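To keep things clear, I will list the structure first and then write my remarks on it.
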Amino acid sequence: MPRRNDISKILIIGSGPIVIGQSAEFDYSGAQACKALKAEGYEVVLANSNPATIMTDPEMADRTYIEPLTPEFLEEIIRIEAAMMPAGAGKFALLPTVGGQTALNLAVDLADSGVLDKYSVILIGAQLGAIKKAEDRLLFKDAMAKIGLDVPRSALINNLKDGLEFSGKIGFPLVLRPSFTLGGSGGGIAYNREELMDLLGKGLDLSPVHEVLLEESVLGWKEYELELMRDLADNVIVICSIENFDPMGVHTGDSITVAPAQTLSDREYQIMRDAAIKVIREIGVETGGSNIQFATNPENGRMIVIEMNPRVSRSSALASKATGFPIAKIAARLAVGYTLDEITNDITRKTPACFEPTLDYVVVKIPKWQFEKFPGADASLGPQMKSVGEAMAIGRTFKEALMKGIRSLETGKSIASEKVEERIITKRLVTAHPERLQYVRHALLHGWSVEKVHSLTKIDPWFLYQLKEIAQAHAHTEQHTMDEVGPDELRDLKRMGFSDERLAHLWKAKNGKGASRLVYEKRHASGIRPVYKRVDTCAAEFESFTPYLYSTYEEEDEAAPTDKKKVIILGSGPNRIGQGIEFDYCCCHAAFALRDDGYETIMVNCNPETVSTDYDTSDRLYFEPLTYEDVMEIYEHEASGGAPIGVIVQFGGQTPLNLALPLKASGVPVIGTSPESIDLAEDRKRFNKLLEELDIPQPPGSTATSLEEAVANANKIGYPVLVRPSYVLGGRAMMICYEQEEVERYMRQAVEYSQERPVLIDHFLEEATEVDVDCLSDGEDCVIGGIMQHIEEAGIHSGDSSCVLPSVDLSEQVLKTIREYTFKLARALKVIGLMNVQYAIQREKVYVIEVNPRASRTVPYVSKATGVPMAKIAARLMTGRKLREFLPQNIEQGADLATGNCYYVKSPVFPWGKFPGVDTVLGPEMKSTGEVMGVADNFGEAFAKAQLAAGQKLPTKGTVFISLNKRDKQHAAALAKKFVDLGFKIVATHGTADEMEDGGIEVERVFKVKEGRPNVVDLIKGDRIQMIINTPQGAEPWFDEKAIRRAAITARIPTITTLSAARAAVEGIAALQRGKTTVYALQELHRERRQGMPGQQVNGLR
């Protein structure tokens, strides 16, 4: 069937901020859909609240709304867009299948509330009936029964009484799955009545439709997924089979997964394939991709259907990257009427999309967790997803892919080789948790049988035998020295996936250049080097036109280097807190810009969720770990073509930055800011000296390499002090210490340090305003992109603070000083590309906190606010072009990039709901997973919109509970008065209430948790409180504070932990009380700015 000509405009709903359970994979799928539909000539409108995405770039859609993803805001966008359509235009369609669960839920809300009918909007990609049939647990169960497929025995529960009754019939354990939630939120396994009551209560609260599916436990069964596509002509193909290494009971997002499935016989696979095709047809997904999950009982082969996603999912992104088949792009084209046989495969340019992909390699995905960021969080894994990112690796065998995947995670952790107590290993094997794979390896290394490990873990014996072979190779290698190992044995170890670093560790090799370099040189001397194979969807049956490559130790190379001038861009690896999608955004922009400038762009990354690992983002994609060995091999392979080559390290965050000096030492041309300058900014003593020479103030500070030195220096500097390790991103292991005892505890427990990696100790500036500055520099000229004022005070990690552009109340003198210091620093550090500077302003004095001569996480946000693609310009500066080519007027006038008449507020999004035991207080260690942006012509409204987009809806009436620490109590009355003036009642604990009453404020007193009843937690649970302002007492949260903040999360009450954010909330609430808010299309804002501000013409940029 040809494309639909009856449609003229298509609205795509994005997935919003990065959260656990819904990550960068939806930027990848949304961006593909936008490009595909624009190329087909449709008018594309995008709604998404996340400024850090490629899909929200103004060129990806005709109009882009960075607005809160709520039914109210979407209705306003639909109203405006419908009104803009000329008479006689085609239909207005909504595509809800590329924005994850968020978009699907919103589409259902808009349909059920009548909004779609009101504005004559049609759904494409998935019809309402199909969405409901797949998402509603009861309808899905009935549909499976109709086609004769088995499902777990289950019941849909709306109250505690029915839940207990069902448990009496079926017995424990029971699996709980709340309806319409994300990443298994609220899910769990109940082993007894008490756990059932607790989990069921929480699950009912979290489900938007107040329902939870209780089902029989299939713990320990094998789990599989099939990724399918269907078109309007009822052609159905299976793109990829995926097998979970971990058995049922662990959320698939927290499980190691393998593609294609390894332990199914051909007959079993065909039965599962036929069942999946029956499912997609019965549910009624007319077009696009679907993911169907199965479980099989290893004892008797019983197969059951677990669930189906009638949309592009996390597994779709993995299947896309595993096969090279662009699922989201093809799903978008199917949604507008094409059939699979009418779409050509971009990779082969010969085969149609109805050819099922064939794999002649193995793909392994391993999740990345960060429980160390959340002390007190339960690290066991279950039906609720907890990982923050993932790495993917490709090899010719499972063993090779697994070993490459493990080193792609960059954990740097390994269990010691010496024996661990048997009872500890047993405990670690029985319960799924992030380090279980290491304990499995450890058990096998120390003689445990595969049968024993299988009985404890229920991991399939086939996988365990593979791990046993790795363990045996490990043990054998450890018994020899490097000189005793011949070329054949070394080649076998490399084929198994052992890295040079791992081999050097096993051989205890020592060398001045570094042990792994010694192994590298031994390999090369024996001619043992990787070759590069192509991911081509057809197992090399047809020629591939998109070089999507992976390394292996075989004979034939499929990726001869070209003779074009080229740039290698090092990506950021798996998403993690502190190094997320913002850095991938910068890598993509570098690839787009340099490709336009005639360079062959080469991307190196191992993250399957991202746009950077899409087959058409760069000219060549190496899906490889970001380690010295892997990058060096790629560089030498590409350089052998003889063409000019450069390597960019400053866009991918800390991961590639850590490689800058070793690469340069090996003769690799690192372009942009030199590795020496990067190192100078990171080296505390040398950087302090530079600031003194430039006459730029900094908080008093020093370094320490021992506990005694740390205590002496902290006492000398004066408390409070900020302590942190050197060379980290995301505020890893940072702490504000208010007394000597806290410094001692930090040095003993929190951090590893050495002569090379000292601990940094700075005086902490209390009641200071923090400011972030992003700028562009070519080594001579410098232009500031944005001076962002933090809404949280200094001491809260910059990634966890809301910030506003332009600044709200910084004086002209402070702004002038910031510009002067920024220009001085850019010149002194010889920055070529991007630089980020963090300042603290205390009583009008400007201090430098730190300088990062690289891309920062705020670059996408500043680019969206100003309309200037900073990362694209930075990439071009690194290849030798000058800033005057792009921003001549800004240089002449000394002007920052302009933001027009609007305020842009960026707010963080936190995973507190996934870690209910964790305190929500903010500090110098970053804990947010994503971000949103609010845009308005006044600060209050922009802040309110950002808070709403982040899931923290500010109330417009009701009662505010205020409890302030000793330092903040003096401001209690003034703050309370602002809320009283807005019509709120005030509740406070006795100490804060005294201050308020002294200031003439009427206040209701309430007990602290340990003082009596009813206390503040009782009021929260009784829905008496609409907002909480609770500033922490010190480094260690008091029992009362934690209880309050935890109760607030459960009740989903907005909670603010700093005075400055409370003041911003007052402005936000006032704006909401004034009435209707406005929505803005990014393209219109940028057009108005360029017309109204001649000082910002961006030359020569697409």
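One-based numbering along the chain as shown.
For all residues, glycine too, the Cβ spot is worked out from N, Cα and C.
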Can you find which of Arg620, Arg686, Arg724 Swiss-Prot lists as binding ATP 2 at the same site as His763, Leu765, Glu770, Gly795, Ile796, His797, Ser798, Gln838, Glu850? Arg724
Cα nearest Val250 (ATP 1 binding site) among binding-site residues (Asn309, Arg724, Leu765, Gly795, His797) -> Asn309
Give me the count of other Cβ atoms within 10 A of the Cβ belonging to Glu223 (ATP 1 binding site). 22
Distance from Glu307 (Mg(2+) 1 binding site) back to Asn852 (Mg(2+) 4 binding site), taken between C-alpha atoms, in Å: 46
Can you tell me the CA-to-CA distance separating Gln293 (ATP 1 binding site) and Glu307 (Mg(2+) 1 binding site), as a whole number of Å? 5
I need the nearest neighbour of Glu307 (Mg(2+) 1 binding site) among the binding-site residues Arg137, Glu216, Glu223, Gln838, Glu850, using C-alpha distances. Arg137
For Glu216 (ATP 1 binding site), identify the closest of the binding-site residues Arg724, Leu765, Gly795, His797, judging by Cα separation. His797
Provide, as an integer number of angstrom, the distance between the C-alpha atoms of Arg724 (ATP 2 binding site) and Glu223 (ATP 1 binding site). 42
Would you mind pulling the longest C-alpha to C-alpha span across Arg724, His763, Leu765, Glu770, Gly795, Ile796, His797, Ser798, Gln838, Glu850, which the record has binding ATP 2, in angstrom? 18
Out of Glu223, Leu765, Gly795, His797, Gln838, which of these binding-site residues is nearest Asn309 (Mn(2+) 2 binding site) by C-alpha distance? Glu223
